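Per TrEMBL, the feature 1D-myo-inositol 1,3,4-trisphosphate binding site maps to K53, H190, K222, N325, G329. The ATP binding site annotation in TrEMBL covers K94, R129, 211-222, S237. Residues or ranges marked as 1D-myo-inositol 1,3,4,6-tetrakisphosphate binding site by TrEMBL: K179. Here TrEMBL flags D308, D323 as Mg(2+) 1 binding site. According to TrEMBL, the feature Mg(2+) 2 binding site maps to D323, N325. According to TrEMBL, the domain 'Inositol-tetrakisphosphate 1-kinase N-terminal' annotation covers 44-123. What TrEMBL records for 145-345 is domain 'Inositol 1,3,4-trisphosphate 5/6-kinase ATP-grasp'.
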Amino acid sequence: MRLHAEVLDEMEGQEEEGAVVASAVLSPPLIGAVVAAATAPRLVVGYALTKKKVKSFLQPKLLLLARKNGISFVSIDESLPLSEQGPFDVILHKITSKEWQQVLEDYHEEHPEVTVLDPPNAIEHLNNRQSMLEEVADLNLSNFYGEVCTPRQLVITKDPSSIPTAVAMAGLTLPLVAKPLVVDGTSKGHELYLAYDEASLSMLDPPLVLQEFINHGGILFKVYIIGETVQVVRRFSLPDVNTYDLLNNVGIYRLPRVSCAAASADDADLDPLIAAFSYMIELPPRPLLEKLGRELRSRLGLRLFNVDIIRELGTKDRYYIIDINYFPGFGKMPGYEHMFTDFLLSLAQSKYKSGRAQKATCQLAIPVTFSGPGTFRRSGVKRVEAGEAMT
């Protein structure tokens, strides 16, 4: 696995100038842009993305680098049958409708040779925050430089008035972070609320997930996975909650999306000391992230996703996974065009090698040796003179 560790201050206006303070290669390098296009098969990538996603992801720097390496991106017209478009080597998509998912599944049954990034049934697990974290709740990475956990959480599907009782019975500790149960691809699916007191919980609007808030020093680590490549980006997050806050705050507070790339120290309302010295905060250990990436790819069946993790305040190696997102904002990462191009080239190379192996297997599967008159000796070729019986 290849791991890039990038630490970004994420101050407003400096997205493109995030300081790189750690970078390490943890596996043999993937095929890079230096590989001549002539030695790699041409790759056609059909994409079905929203207009917003096209703008943020298919940036000119990616399209140019891809074209230099024999990769072309072709827009898929959702109003036309998919079988009448292409041919494609890869289909890249982030459309959430049930109709599109069925179209894609039907297409893949007819064209199993086409790589779909990623399978709709695998993505579906991330569209529900209950099933999302159930997939990783029993991760055991204790032998890999740290412990990875999930916060204690409670799913509420109806009746807001029952929430205080349900929370008390579950033994959850305030404050609690409330998140929509369903991730539907809209901004509403990412709304966050912080509940300070039990009485106010009935003001929430189910269906939702309640997670225990874990103090983490105001820093969140976004772990991006592109195939076998992992990149870590440090972001500002929510400030810690202390005893004074709990005693002097009541009600439900809507939280900003502080983990997005535009969030600055001011947006996140960080302690000035955290903002000033955030670049000194240690990243999660590389072996831990390497193992985490492998485990999640295997469990989730995905190759394009990111994981939000936090480190519990006062600990050195206790981490919590708080969210997982399919096909996140890769375009916000410096150098993403190289990582994604390498990933696509690795798919092309794998497909090329697989095709050659299958061809070789077919040739070896039927060895031919004839010794009668008029025969032609060559492995895999039969030629018989007229009147000769072929055995």
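Note: Cβ is positioned from N, Cα and C throughout, glycine not excepted.
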Sparsest-packed of the listed binding-site residues (F213, F221) - C-beta count within 10 angstroms
F213
The record names K53, H190, K222, N325, G329 as the residues that bind 1D-myo-inositol 1,3,4-trisphosphate; what is their largest Cα to Cα distance in Å?
19
Helix-strand-coil residue split for the domain 'Inositol-tetrakisphosphate 1-kinase N-terminal' (44-123), DSSP-based:
36 helix, 17 strand, 27 coil
Within 10 Å of each Cβ, count the other Cβ atoms and name the one among the binding-site residues Q211, N215 with the highest count.
Q211
Counting other CB atoms within 10 A of each CB, which of the binding-site residues K179, H190 comes out lowest?
H190
Neighbourhood of K94 (ATP binding site), C-beta criterion under 8 angstroms, separation at least six
A48, L49, T50, K53, G185, Y326, F327
Rounded Cα distance, in Å, between F213 (ATP binding site) and D323 (Mg(2+) 1 binding site) is 13
Sorry to bug you, but what's the C-alpha spacing from N325 (1D-myo-inositol 1,3,4-trisphosphate binding site) to the residue listed as '1D-myo-inositol 1,3,4,6-tetrakisphosphate binding site', rounded to the closest Å?
14
